[in-house]
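Participant: Take this structure first; my questions come after.
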Amino acid sequence: MLTRRDLLRSATAGAAALVLPTTPALLRADDAKGFTLPKLPYAFDALEPAIDAKTMEIHHDKHHQAYVDNLNKALAKHPDWLAKPIVEVVRDYKKLPAELQTPVRNNGGGHLNHTWFWQMMTKPGGAGPSGELLKAIETSFGSLDGFKKEFTAAATTQFGSGWAWLVKGKEKPLEVVKLPNQDNPVTDGRVVLLGVDVWEHAYYLKYQNKRADYVAAWYGVVNWPFVAELYAAK
């Protein structure tokens, strides 16, 4: 089972200079037999009213499971890749044979993105950003509201399916990026701190086509202490 320490270390593993841990491996498939679906760290209804229980159930048990199954299928003849942490698989997928790159990029990204996504949320009413993380937000965006404005713009203007991400910055402490489909910033050597899924399956049952309403409600379940730990991790 993944520990909080495992997830923290894996989330910072996209940094080019970071030496990834070896044992125990992070987000690694079980005995090279295949990746497995991680359990949610809370009940399906824990994020209500921001995200309804049925959406969480389908999102986790159906969509995330499908990414895991399809990733295992794509890598079935490559046990050496099944033995890698998923963050390495996603970061280095271009080293695979050409015919495997797209399915691994899509399904490996789907598995990694969702594994982090579940941990980046918590029950409503949690603490907001503070300390060094808040300072970085204020330096980068002027204020927490300034961050939300830029992050919301990225999430709501992502055409079609994709994600908005908060990452450690290159020109300033923090930056917002948006990526299509299941692409993840670790592929570009970025360190992920926070992400929101804007695929329709993440919100359509409750919000229909009102993506902006979903994103606004989602801020109420962000696990800011977890984001702060990611930011502080070296």
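Even glycines carry a Cβ here, placed using N, Cα and C.
Remember, TrEMBL labels are computer predictions, not curated facts.
From TrEMBL, here are the annotated features:
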type	residues	note
DOMAIN	35-121	domain 'Manganese/iron superoxide dismutase N-terminal'
BINDING	HIS59, HIS114, ASP197, HIS201	Mn(2+) binding site
DOMAIN	129-229	domain 'Manganese/iron superoxide dismutase C-terminal'
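Could you place the listed features in the three-dimensional structure?
Facilitator: ASP197 (Mn(2+) binding site) falls within a strand when secondary structure is assigned with DSSP. The Cβ of ASP197 (Mn(2+) binding site) lies under 8 Å from the Cβ of HIS59, ASN113, HIS114, PHE117, TRP163, each of these being in the same chain and 6 or more residues away along the sequence.
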Participant: Could you break down the residues of the domain 'Manganese/iron superoxide dismutase C-terminal' (129-229) into DSSP helix, strand and coil, giving a count for each?
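Facilitator: Its residues fall into 53 helix, 21 strand, 27 coil.
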